[in-house]
């Protein structure tokens, strides 16, 4: 009968141990679901201020940590047993892998095995914990937001808002109720109501140097109108911490309050536009001023954007090329650049810096409707889409985004803070989230209990 060599016996023993190791891991995985179910049942019976969904998420994360370390612990035990077996055989003078190992060689092999184990532990630990850290990072808030004031008066949804760049500083809102309103930011008082449109007012932008506003409407026109307002004396700010939260107010009280605030009765109205921009064959979804305020650009559902001379209201250029309806347009704050977005999944950059050459670049960075694309103070463009992503682009190199924000809901018309470079993302799920230009989440704005089509109130949050 052939005698099994020492190396063959060692190989067979190692193979059996690895098999037992894999069986133990399978047994561990098979009971994992039962253990998670029991822990969830225990969590549901405990008192905690955390929502159940958050507690369940935390439980899953910690279960992943436990499972990774349990596997590492089992593997560590197996490796230690193999080292001890080798040490025992070497002490008895047996041959290992066809060679006699001296004590110095034994120490070298043991040290090498230990270093390999240590490196493997570090690599696995780093890989597992990086996933956990990224999961927590996505929900970490570094900014605290609270409701400061509401501006109540519109009778339908608010599509856009803007803040004037000249004194007096006022807030402007555009609404589906066919009107645009100007508000005192400090007091929340309505200063002026513009009612010159025959359709939904889809956007509002203020002139960079004069007291003029530009509004785009579903009546296929854009209006330029002048305003003169006087800010009221601000009242002392009430202690918000003592004000009952909307969730604590009885529903009957809320209905009464909403009924009383159907609209500001003493708000003066304006019905005649200074200039009317016509030429579109569809809804004008957005409009903006070019730098200097002598020209304005509009975006329409007729798949074109138009550039107008403000003084004469004449059409200067028709920007065509999009395959489907436009969703937004935006101008650069310091350069003659225009960016338009469309339902055709693209956004286009139009360059008017050279009077003799009007170039256009097409960017296909999204897989669904590009709901908006806006410039920042620097050389960046931020685009949002129904594909649940927001991307930050560098104007000097637009081949690939420098940051990508992935969300759980479609992104509507985004806004970028001029001074702090903060991106505000309004979602279809009625949440607004704040990110920095690197794509790091800062905060989520408090969610209102009001329905989408209820008489709307725009909010300023700090």
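Here the Cβ of each residue, glycine as well, is placed from N, Cα and C on the backbone.
Annotated coiled coil per TrEMBL: 62-89, in sequence order.
The compositional bias 'Polar residues' annotation in TrEMBL covers 22-31.
Residues or ranges marked as compositional bias 'Acidic residues' by TrEMBL: 245-263.
Annotated region 'Disordered' per TrEMBL: 1-36 (among others), in sequence order.
TrEMBL lists 236-270 (among others) with the feature region 'Disordered'.
As annotated by TrEMBL, repeat 'WD' applies to 151-193 (among others).
Mean model confidence for the repeat 'WD' (194-225) is a pLDDT of 96. The repeat 'WD' annotation in TrEMBL covers 194-225 (among others).
Here TrEMBL flags 277-318 (among others) as repeat 'WD'. Residues 160, 199, 202-203, 205, 207-210, 212, 214-218, 220-224, 324-336, 338, 340, 342, 350, 352, 358 of the same chain sit 6 or more residues outside the repeat 'WD' (277-318) yet have a Cβ under 8 Å from a Cβ within it.
According to TrEMBL, the repeat 'WD' annotation covers 319-360 (among others).
Per TrEMBL, repeat 'WD' is recorded for 363-403 (among others).
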The repeat 'WD' (363-403) - residue tally per DSSP class, helix then strand then coil: 0 helix, 21 strand, 20 coil
